[in-house]
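*Asks:* First the structure, which I've put down as structure tokens, then a few questions once you've had a look.
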Amino acid sequence: DNNVLLTGDVIHTDNQLSYESAAFVMQGDCNLVLYNEAGGFQSNTHGRGVDCTLRLNNRGQLEIHSANSNTPVWVYPRSVNTVRGNYAATLGPDQHVTIYGPAIWSTPAAANIPRVRNVLFSSQVMYDNAQLATRDYSLVMRDDCNLVLTKGSKTNIVWESGTSGRGQHCFMRLGHSGELDITDDRLNTVFVSNTVGQEGDYVLILQINGQAVVYGPAVWSTAA
């Protein structure tokens, strides 16, 4: 997805993350620039490399690499107290880039599937057949109270919460501890991911590899 950078992904020269009018661009002059309506952000690395690329490492840090050097041109945040794992940088509706992680929950990895876009942030909810969607995949909070991950057709179920018929007018919410829960209209909890992290901001990303993954808490943001 063009608004998400995951650990192991690479943004090449003159490519970008984008969300509506905002863009996070790895420019040809080796400068990383966030163009938005709130002052933006830049790495101030123009002229310090050639054919530069942007990566997100397994400590939740952004790295700029030059084709003519084995040492990163730029690493940010410079000092982090994070564990190794899988992180996610998202360009969100606030027009800022925020790094979340490490991943604390996911649907099972699908086998032999190609490696499209949507995210749910802490405190946001999904209900009445609302969904996160990618090229081939959809994560749908169905009106029968079942949370379902499908590929292609609505009947091709990759994963489900198994809560069909267990409540009425159910909604799914991502909490500020990274826990996903499904609740009915009487506020009875019918499903919980049982993945409680430290208090903070989390994000659920439906990735293009067919996994829905919760990352967090947020470890850095251009809004800081």
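Glycine is no exception: its Cβ is also placed from the backbone N, Cα and C atoms.
Found this in Swiss-Prot, in case it helps:
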DOMAIN    2-111  domain 'Bulb-type lectin 1'
DISULFID  Cys30-Cys52  disulfide bond
DOMAIN    117-222  domain 'Bulb-type lectin 2'
DISULFID  Cys145-Cys170  disulfide bond
*Asks:* Counting by DSSP secondary structure, give me helix, strand and coil numbers for the domain 'Bulb-type lectin 2' (117-222).
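*Replies:* With helix first, then strand, then coil, the domain 'Bulb-type lectin 2' (117-222) has 0 helix, 49 strand, 57 coil.
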*Asks:* What are the DSSP helix/strand/coil residue counts across the domain 'Bulb-type lectin 1' (2-111)?
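*Replies:* Within the domain 'Bulb-type lectin 1' (2-111) the tally stands at 0 helix, 44 strand, 66 coil.
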*Asks:* Whole-number answer please: how many Å between the C-alpha atoms of Cys145 (disulfide bond) and Cys52 (disulfide bond)?
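*Replies:* That comes out at 47 Å between the alpha carbons.
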*Asks:* Looking only at C-alpha atoms, tell me how far Cys170 (disulfide bond) is from Cys52 (disulfide bond), rounded to the nearest Å.
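*Replies:* A Cα-Cα distance of 47 Å.
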*Asks:* Do you know the mean pLDDT across the domain 'Bulb-type lectin 2' (117-222)?
*Replies:* 91
*Asks:* Neighbour count, 10 Å Cβ-Cβ cut-off, for Cys30 (disulfide bond): what number do you get?
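*Replies:* For Cys30 (disulfide bond), the 10 Å Cβ neighbour count is 23.
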